[in-house]
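Peer 1: I am attaching a structure below and will ask some questions about it afterwards.
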């Protein structure tokens, strides 16, 4: 039973009672005392008190509640409706369309605690299981791991209608104070909207949090919702962006605000409502989207519509179930809203009128240590890094917590560190319980936490907030603003090479911000630690956290909070875990496909570009090199502070002055790139390799400051070898040097022999040539010296060469200059693609007469000869 939130991943299995302890007999020595109890006196438990709000039931309060066992453990609940009959949910006994054998099930009656039987408790075998012929399905077309059913193994791609089952016992139950039948409503019985009813069971107390020992029967008060009100709530997207259409015979109970509900393991149990001094079985626990989630009430099978079906199948049983007449028809109260005028409950957490001033910020002070910052996650619990406290004496009398707008400091009752806190950076978390509950208002208030299936959408507005020990932000407030990177960029840029990128709905390994403002020069963030807050529909979630950075740059990757929801929920039993609020996936829908991250080099990721990205949108290493005199050249970012360009475009022949050069990244012509920001840098030096008697074809431009790696400014990988093998290659450039929108042209690299034959006497060492695919020769203009890029399947992009002056087919290779680049740059990303040498044998005698020097002959003739004489390097 739950008054919080739940995800159905654990089936409650309890088997403390030894096998054979009952053997269809009564435990109590006074077993015959109540054999003549009047079965017509249904729905009248022994007088007792009960605790409101989802808690332990008093023994004997709900004497019709039974526990269904299979394989020695509890699987579902049920209700005794006659000495030989139990009513439960059909889905408890159907797996893949097949009904479970009745002889594998048993019914435990008169039990209050699963840890030990009461007097009068006894077990009965099941003789027969009956389900309606119209036990049907409603296809949702989505992953239904969220649905609360009896067992995850029994989940299917649908929600069941007519979800009820009759179980005939092998021998009648022994009636007594703890074993009595419940009344059944007639088909004409009406339960008023807003009626306070009660659900009972031994299910999970929260999502994925089983009922703890001694497994005492739980009860929770729920209010009935009318069909219009319930459908209104379920018509709004919720977990996994699912909506749901109620079927006839379904009944809803709960609250728009959630936090009280049934949970997994309660399936088949009773929802009873009092009417005229009797308790009627109004519904059977069927399913739900999580447990106790906001605007997601529990769904029950209404019993009244099945009066005829029940009577038909129990006919001849004496005594049978009782269907008392309803003394007075109720009228729905004002609580029932109209569907077109439905009001949704809003989150009770994550409200910050002034971002940057966080009403949940908690400052924990321990004698002898600097303050540690965390976040208030409920009215009694603070979440903070465990590393703040692992070496501190646990003398909680001296610990204090300062909360916003609280004149006095709070005292600490206990500390619960994550079990992996000392071994795993991603589990560096601890929960501090306050001695007294805090009245949550505008300040202090709690931050929202994400469920494990929460998918923070790419582009979500996020912000850094203080976390753990460390200094304040060294820069302006704008330095803390960020948008969230999509999963592919995050995991492939900052995660492990070759890892599979989690799909939306699966817990991510990392969360990564893309900062909106560039790093301020001279600042270092090494002494500060941060959490990542992300906003959805005006509500802030604690999305991730990171302790002290390992460098001066702002933190790039955060440990996600999604994976820790079950632990936080289990410890606090009151933290504000909130459903996803934003579902506008926009252009990032391609992330639903399985993707793997390319190889990294020793300096990290390079040459990353999503497969599905349009050619003119994102080439994060492509730079515009603006040279004095309105000349614009193509450049390639090869390290955070270096750009590679063609010498002939940067330096004019005969010029003795060094031009002023500006470099721009993060834009495609006049448009800025998504997932990042435009970057500009000035060039402070131009480096050329030493070439005896020849002007070197490549130049390195040193930038005045480093460029932060991002999807809009990322170094490319460099190929240090010869002609790459098994790679597809393209020339990347601009169709029009005025608008500078990137275009690519597919090419094949020719063998050294063919290249030598086509250009005899004019090839310099380290030069190679390409053949354009049909119709692509004129896609890129050549004055800006475009680069040649290659990529192997699933691999990163690699720079192979830069165009030679005035020629679209000839390129200066990167390989011969690899040593010079490595010595000059230091952080260049080299990735060898294999392949053959660039050098070819000298002498025209090795070239066919018709081919030698035929580079300017008609292309058709040249292409035919090339195809006949030598293979092309495959694209």
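Backbone N, Cα and C define each Cβ position, glycine as well.
Here the structure is a predicted model, which means the values were calculated and not measured.
Got these off Swiss-Prot a minute ago, pasting:
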SIGNAL    1-23  signal peptide
DOMAIN    51-315  domain 'Peptidase S1 1'
DISULFID  76-92  disulfide bond
ACT_SITE  91  active site, charge relay system
CARBOHYD  96  N-linked glycosylation site
CARBOHYD  134  N-linked glycosylation site
ACT_SITE  163  active site, charge relay system
DISULFID  197-273  disulfide bond
DISULFID  230-252  disulfide bond
CARBOHYD  241  N-linked glycosylation site
DISULFID  263-291  disulfide bond
ACT_SITE  267  active site, charge relay system
REGION    320-340  region 'Disordered'
CARBOHYD  341  N-linked glycosylation site
DOMAIN    347-573  domain 'Peptidase S1 2'
DISULFID  372-388  disulfide bond
CARBOHYD  420  N-linked glycosylation site
CARBOHYD  439  N-linked glycosylation site
DISULFID  462-534  disulfide bond
DISULFID  490-512  disulfide bond
DISULFID  524-552  disulfide bond
DOMAIN    608-826  domain 'Peptidase S1 3'
DISULFID  633-649  disulfide bond
DISULFID  729-790  disulfide bond
DISULFID  757-769  disulfide bond
Peer 1: May I ask for the distance between residue 490 (disulfide bond) and residue 439 (N-linked glycosylation site), taken between their Cα atoms and rounded to an integer number of Å?
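Peer 2: With the alpha carbons as reference points, the distance is 38 Å.
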Peer 1: When you rank 263, 462, 649, 790 by Cα distance to residue 96 (N-linked glycosylation site), which of the disulfide-bonded residues ends up on top as the closest?
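Peer 2: Checking each of 263, 462, 649, 790 against residue 96 (N-linked glycosylation site), the shortest Cα distance is to 263.
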Peer 1: Test of understanding: give the count of other CB atoms lying within 10 angstroms of the CB of residue 512 (disulfide bond).
Peer 2: 26
Peer 1: Rank the disulfide-bonded residues 76, 490, 649 by the number of other Cβ atoms within 10 Å of each Cβ, and give the residue at the low end.
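Peer 2: Counting other Cβ atoms within 10 Å of each of the disulfide-bonded residues 76, 490, 649, the minimum falls on 649.
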Peer 1: Using CB atoms and a 10 A radius, I'd like the single residue among the recorded positions 134, 267, 420, 439 with the highest neighbour count.
Peer 2: 267
Peer 1: For the disulfide-bonded residues 729, 790, which one has its C-beta crowded by the most other C-beta atoms within 10 angstroms?
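Peer 2: Result of the Cβ crowding comparison: 790.
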Peer 1: Sort out for me which one of 197, 263, 372 has the most neighbouring CB atoms within 10 A, since those are the disulfide-bonded residues we care about.
Peer 2: 263
Peer 1: Provide the three-state secondary structure of residue 91 (active site, charge relay system) computed with DSSP.
Peer 2: helix
Peer 1: Please give me the CB contact count at 10 A for residue 291 (disulfide bond), counting all chains in the structure.
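Peer 2: Its Cβ shell of radius 10 Å holds 32 other Cβ atoms.
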Peer 1: By a simple count, how many Cβ atoms lie within 10 Å of the Cβ of residue 462 (disulfide bond), its own Cβ left out?
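Peer 2: So the Cβ neighbour count for residue 462 (disulfide bond) comes to 28.
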Peer 1: Far apart in sequence but close in space: which same-chain residues, 6 or more away, have a Cβ under 8 Å from residue 534 (disulfide bond)?
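Peer 2: In sequence order, the residues whose Cβ lies under 8 Å from that of residue 534 (disulfide bond) (at least 6 apart) are 456, 460, 461, 462, 463, 484, 540, 541, 543.
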Peer 1: I'd like to know which of these disulfide-bonded residues, 230, 388, 552, 757, 769, is least surrounded, judged by other CB atoms within 10 A.
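Peer 2: Checked 230, 388, 552, 757, 769; of these disulfide-bonded residues, fewest Cβ neighbours within 10 Å: 552.
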